[in-house]
Amino acid sequence: MKTLTVSTESSSYPIYIGSGIYAQLPSFLSAAGVGTERKLMLITDSHVSAHFAEKVKKILNDAGYQTGISVVPAGEESKNLTQVEQLIGACLEFGLDRQSVILALGGGVVGDLAGFVAATYMRGIPFIQLPTTLLAHDSSVGGKVGVNHPLGKNYIGAFHQPLMVVFDVNVLSTLPRREVRSGYAEVIKHGLIWDRSFVEWLEKHTEALLALEPEKVEEAIYRGCQVKAAVVSQDEKEEGIRAILNYGHTIGHALEAVSEYRSYAHGEAVAIGMAGAARLSTRVLGSPGELVERTEALLQAFQLPVRYQEHWPENQILQAMKRDKKARQGVYTFVLSARIGEVEIVRGVEETQIREVLREIRGGKE
Ligand SMILES: NC(=O)c1ccc[n+]([C@@H]2O[C@H](COP(=O)([O-])OP(=O)(O)OC[C@H]3O[C@@H](n4cnc5c(N)ncnc54)[C@H](O)[C@@H]3O)[C@@H](O)[C@H]2O)c1
Ligand SMILES: [Zn+2]
């Protein structure tokens, strides 16, 4: 098992990563000062529930914890205020009080939703992240929780750091292949923005990682979490450097928006976005050609797309970028990379340069 600590201004908490470590949940709880007199509520989704919810509940019950389960329908559609209200109802009925703890067992959807319930229930109770997707190595760390509004994604939310993150890599064996590949996009992102040696390691171990070899996956999640933890430790509330975590996301979010979240898994959109960001970096910062070549080669080795389907009009993509909540006053801001493992925030990128890049990354679905 690997452990690391996230230290932010508001709190400090452990991330445990390993195979079969759900069995140790009771000892992690007791190390965090959560005794069996405190009620627990496990929030999960309909896919994850079928595989792991009863197993986790049994581990907790056997250790003497009274544990309820609430299941939401799987999918992004569950990240809404109606679902929040229903979950709060379930917590009230089960008798959760201010000492109780919510456990979020699932991918980023469950983590964001259950985390938001925890942030608001009785003005905030502790919660634990039990991520079950590869992508959730990213979303479970850093304390951003929230739900969607009909007018846009993640418009309702809070910063609420978890009490701990427990990533049992065994859960990934049931994850659909497309989710595995998509999750690796965020792992690769963590390397590209922060850690050149991690990128080299990913290049070397692609096959083992795609085959989900436990030791390698553990290492990849550990190193990805290390980057995320380092960034959020410096800037918990995204007042500055935390924005670099959006590398590849400006174009990525725009592609998700124009395709109404139907054509791309999040990581696929981010992969195309990182190919675009690398190309934009060579234009704006004069980054070496290696950046584009290695970025695209690595993404493709992980079977991720680096070109978007050509029927999405360029103007619509640009419009979507302008609407992105991170765009300020119609000025294009991008996270760009001068070399692999380093990024910076660049304001006022010219529209003509973005258009040129969009033309370059337009094509089939490679
Ligand atoms: N809070 C943050 O910092 C942050 C960061 C990135 C993304 N996010 C959010 O994360 C969400 C996306 O997360 P995601 O990609 O994990 O999606 P997800 O939670 O919807 O999971 C993807 C699919 O896999 C299923 N699944 C999950 N674990 C499984 C397992 N072990 N076995 C079988 N099936 C499993 C889910 O039921 C779902 O159908 C988005 O809502 C995004 O906004 C949040
Ligand atoms: Zn992302």
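Each Cβ is built from the backbone N, Cα and C atoms, and glycine gets one as well.
Curation does not apply to TrEMBL; its annotations are automatic.
Database features, via TrEMBL:
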BINDING   GLY108, VAL109, VAL110, GLY111, ASP112, THR132, THR133, LYS144, LYS153  NAD(+) binding site
BINDING   GLU186, HIS249, HIS266  Zn(2+) binding site
DOMAIN    71-181  domain '3-dehydroquinate synthase N-terminal'
DOMAIN    183-327  domain '3-dehydroquinate synthase C-terminal'
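Excluding GLU186, HIS249, HIS266 themselves, the residues of that chain whose CB lies within 8 A of the CB mean position for the Zn(2+) site are, in sequence, LEU135, ASP138, ALA185, LYS189, GLY248, GLY252, GLY267, ALA269, VAL270, GLY273. With respect to their backbone Cα atoms, GLU186 (Zn(2+) binding site) and LYS153 (NAD(+) binding site) stand 18 Å from each other.
Straight-line distance linking the Cα atoms of VAL110 (NAD(+) binding site) and HIS249 (Zn(2+) binding site), rounded to a whole number, equals 21 Å. With respect to Cβ neighbours within 10 Å, the binding-site residues LYS153, HIS249, HIS266 differ, and LYS153 shows the lowest count.
When secondary structure is read from DSSP and collapsed to three states, HIS266 (Zn(2+) binding site) falls in the helix class. According to its DSSP assignment, ASP112 (NAD(+) binding site) is helical. GLY108 (NAD(+) binding site) sits 11 Å from HIS266 (Zn(2+) binding site), counting Cα to Cα.
Sorting the domain '3-dehydroquinate synthase C-terminal' (183-327) by DSSP state (H, G, I as helix; E, B as strand; all else coil) yields 105 helix, 1 strand, 39 coil. If you compare Cα positions, HIS249 (Zn(2+) binding site) sits closest to LYS153 out of the binding-site residues ASP112, THR133, LYS153.
In this structure the residues listed as binding NAD(+) are GLY108, VAL109, VAL110, GLY111, ASP112, THR132, THR133, LYS144, LYS153; their two most distant Cα atoms lie 21 Å apart. Separating the Cα atoms of THR133 (NAD(+) binding site) and HIS266 (Zn(2+) binding site) is a whole-number distance of 12 Å.
Checking the binding-site residues GLY108, ASP112, THR133, GLU186 against ligand 1 with a 6 Å cutoff on the Cβ atom leaves GLY108, ASP112, THR133, in sequence order.
Cα of LYS153 (NAD(+) binding site) to Cα of HIS266 (Zn(2+) binding site): a distance of 12 Å. For ASP112 (NAD(+) binding site), the same-chain residues that are 6 or more apart in sequence and have a Cβ closer than 8 Å to its Cβ are LYS79, SER139, LYS144, VAL145, GLY146, VAL147, ASN154, GLY157.
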